[in-house]
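A.B. asks: Sharing a structure with you now.
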């Protein structure tokens with residue numbers, strides 16, 4: 001039993017045809033979407049069975065397939081086809097039911113032309129006369145565009161297409177073998193060499209030179225102009241002055257000439273024009289000749305620059321003026337939201353944006369500067385009171401915390417936490433104390449202000465009401481960093497030795513652990529507390545020798561090991577930039593930060 005693969009031309013088509021055509025043939029034969037092995041499956045097709053229902057399949061094909069798809073199937077199977085859907089469907093089904101018919105109907109690609117095959121058929125069958133697969137797509141497009149194309153196909157002889165030279169326009173050779181190659185391209189207008197039709201001086205599409213009178217006809221064309229009701233707001237317009245006459249111009253970085261229209265030329269008092277040979281082209285390659293030019297200075301933001309200004313007809317440009325790129329390159333222009341700014345060669349500090357904005361501030365407002373108070377031992381700054389080398393929060397902030405009512409909503413609780421968090425550096429173990437309150441702000445947690453939350457709320461208010469005091473950091477004094485951690489959180493305090501020989505707190509730091517950090521071992525939590533404290537106090541500790549006081553004896557020994565876990569090794573690398581000494585001290589001797597231990 002023969003298959004489609006037994007016919008060489010069909011086998012070659014199944015191999016070289018596009019995937020889209022293969023899918024169409026596969027869907028027509030098997031009635032289903034194609035798979036990855038559709039070409040192999042088509043090669044093994046041996047025809048429809050004897051009990052195949054032709055009429056039912058024909059109705060389905062006519063309903064689901066277009067004429068263009070059936071023509072593609074005929075091209076793939078090298079079958080003759082007509083431009084009628086039903087007739088084309090009959091041809092395909094007849095051959096697919098009996099594959100032996102392909103022996104006599106498969107066309108030779110180098111055989112007679114379409115017209116020669118048509119002339120051999122009876123004249124009464126011209127309406128349904130088959131068309132060969134050669135150039136089928138082009139014939140089919142012609143048929144769709146006009147009903148008279150079928151008549152032209154039957155009475156016009158089609159010869160094999162010959163190569164066309166794009167230089168001289170003659171057939172029979174390519175441009176690489178053109179005998180007139182040295183003479184250049186050929187103009188299809190005047191039939192001479194050396195230029196193309198678009199550049200021909202005898203081009204009939206060329207616009208008549210602009211005259212003083214206006215021609216209000218439909219054949220008039222404009223260059224670079226589009227009639228719109230509302231002009232776009234993003235065009236880069238700038239106010240310029242020519243001969244003390246204000247003009248609104250467009251800064252066009254793609255223009256090679258500065259142009260004004262006749263209306264603007266009239267405002268300037270008709271300056272004397274010099275003859276110009278310039279011709280401007282725009283959209284559609286339409287051309288407009290310059291009526292002449294004059295030289296003058298254009299002033300932009302009190303900067304006068306020389307320019308060569310051309311005059312064109314009013315209908316050519318809808319704007320008063322267009323500024324060219326060469327004019328813009330004479331100085332430094334900055335395009336931004338606020339328009340165009342021009343910078344000249346002056347001192348850089350004078351162009352500083354901060355100084356420019358400050359100058360505008362002094363121009364619009366007046367600043368009253370009070371004389372500074374000299375030799376004061378106490379100053380209030382940003383809610384803090386700095387006095388005699390100590391820092392404490394101002395009484396007004398303390399009063400605000402004392403008067404804060406018990407939160408009834410998550411929004412009120414956020415306000416309280418934000419207020420107390422501003423002074424958290426005064427509060428040891430702030431994260432542990434405020435943990436019940438911050439847990440209420442988690443997602444999917446019902447807001448319930450119970451006894452635990454009330455106790456946390458009152459404890460924060462009491463600590464801040466006691467006016468805790470921190471010492472001002474002084475460079476060069478000995479520093480100690482005390483850390484401790486638990487599954488609830490970790491904390492640290494930075495201490496500095498003062499002139500009295502005692503260590504005083506400079507800054508308290510605490511943070512509650514995340515859900516993932518709660519699963520860390522106690523050793524990992526102790527190391528994490530040191531790392532987070534170093535990140536917090538980096539500006540104090542970098543470049544200064546200090547001690548790390550911890551109750552984790554394993555950390556001190558870990559720093560001398562060669563093999564470390566990956567997580568600890570990454571943390572140990574952060575310690576390399578610090579000059580430190582690790583000291584172990586039992587937790588009972590570190591009262592200020594051991595409160596976090598469970």
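Backbone N, Cα and C atoms are what each Cβ position is placed from, and that goes for glycine too.
Summarising the annotation, TrEMBL assigns compositional bias 'Basic and acidic residues' to 117-127. Residues or ranges marked as domain 'CCHC-type' by TrEMBL: 165-180. The domain 'Peptidase A2' annotation in TrEMBL covers 247-284. Annotation comment: TrEMBL describes 113-138 as region 'Disordered'.
How buried are the listed features, and what sits near them?
C.D. replies: Broken down by DSSP into helix, strand and coil, the domain 'CCHC-type' (165-180) contains 3 helix, 1 strand, 12 coil.
Predicted-model confidence for the domain 'Peptidase A2' (247-284) is 81, expressed as mean pLDDT.
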A.B. asks: DSSP says what for the domain 'Peptidase A2' (247-284): how many helix, strand, coil residues?
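C.D. replies: So the counts come to 8 helix, 13 strand, 17 coil.
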